[in-house]
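Reviewing the structure listed below.
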Amino acid sequence: MKLQLVAVGTKMPDWVQTGFSEYLRRFPKDMPFELIEIPAGKRGKNADIKRILDKEGEMMLAAAGKNRIVTLDIPGRPWDTPQLARELERWKQDGRDVSLLIGGPEGLSDACKAAAEQSWSLSALTLPHPLVRVIVAESLYRAWSITTNHPYHRE
């Protein structure tokens, strides 16, 4: 199984790239994790936000292909670390690759939400999307460590 983070936005601060890369390199070869960045649509005073969201959504879904789609969204289901580890095990048993979608400033398109098999809420708080990349990578690495009895996670 391959994990794929599909995120809107291409120019992240150095600290985001450093943090994300740190967890990316820790993933084992039998569970590769990749980042696919979708260019954010131009937002301005008179921007058609729905059209921008729809275009970003089309690109995200094209990148995900036939993968299991999991959206990152506030109204999604909150998983604690052991629950995420169980989800990761289910995904591995399913055999399909998994695409986790992070929207832009206005969130995800309706098409992305409709295509999702699951929706994961990291918090009821609104989090900066660059920070979400790092949190997701660390959370998935921690979940993997539980499933393999790796000493990274401590109870």
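Note: Cβ is positioned from N, Cα and C throughout, glycine not excepted.
With L72, L122, S123, A124, L125, T126, L127 listed by Swiss-Prot as binding S-adenosyl-L-methionine, the candidate from G57, G95, G103, G104 annotated for that site turns out to be G103. In this view, G103 (S-adenosyl-L-methionine binding site) is surrounded by 25 other Cβ atoms within 10 Å of its Cβ, with every protein chain counted. Between the candidate binding-site residues, L72, L122, A124, L125, L127, the densest Cβ environment within 10 Å is the one around L72. For T126 (S-adenosyl-L-methionine binding site), the same-chain residues 6+ apart in sequence whose C-beta sits under 8 angstroms from its C-beta are I74.
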